[in-house]
Structures are given as C-alpha cells and as structure tokens.
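Worksheet: one structure, shown below.
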Amino acid sequence: MKFLLLFLVVLPIMGVFGKKNGYAVDSSGKAPECLLSNYCNNECTKVHYADKGYCCLLSCYCFGLNDDKKVLEISDTRKSYCDTTIIN
C-alpha cells in the first residue's frame, strides 16, 4: 500500500521535472546551424542551458532542455534518429 501511495505521488513530479530533447530555437525561431559537434555542445550548454548537445543533420540538437524552452517542430523519424545517435 505504501508503494502505491509513493508511486502516485512521485509519478506526477517526474513529469513536471522532466527534460526534453530537440533543436533549441532562438528568438527568431531558428535553430543554430553547425558542422562541428563541439560548437553545438557549447551552444546548447551555455546559451540554452541544456545538459549537452551535438550536430545532428546540420543543426544543433540539445539533450536535457528545460520544458519551457522552445524547440523546432520536426518529424518523429528525424527526432528518433537524433535521439539514438551515439555521442563520443
């Protein structure tokens, strides 16, 4: 019974504090273009306050963005490709 109560309390909190992945956009609604992953990691972590980032399909893809950050709307196929690409 205690486990069920704990589950019911923790589950909504996890959704609130969850983070998202995607192409973070600036005030003009454009994602930064790139050729190098190092540039994207700096762009994502220092400008958009994400956990990390890399260059995926010529745009900076960020991991661990806050829920209030705007991201570029992309297809599910492209999102799953960038989510599963291995980062060194």
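Glycine is treated like the rest: Cβ placed from N, Cα and C.
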Inset, instruction - Name the residue from CYS40, CYS82 that Swiss-Prot records as disulfide-bonded to CYS60. - result: CYS40
Inset, instruction - If you have Swiss-Prot open, could you say which of CYS62, CYS82 makes the disulfide with CYS44? - result: CYS62
Legend entry - DSSP-assigned states of the domain 'LCN-type CS-alpha/beta' (20-83) in counts, ordered helix, strand, coil: 19 helix, 18 strand, 27 coil
Legend entry - disulfide-bonded residues compared (CYS55, CYS60) - the one with the fewest other Cβ atoms within 10 Å: CYS55
Legend entry - Close in space, distant in sequence - CYS82 (disulfide bond), Cβ under 8 Å, 6 or more apart: ASN21, CYS56, LEU57, TYR61
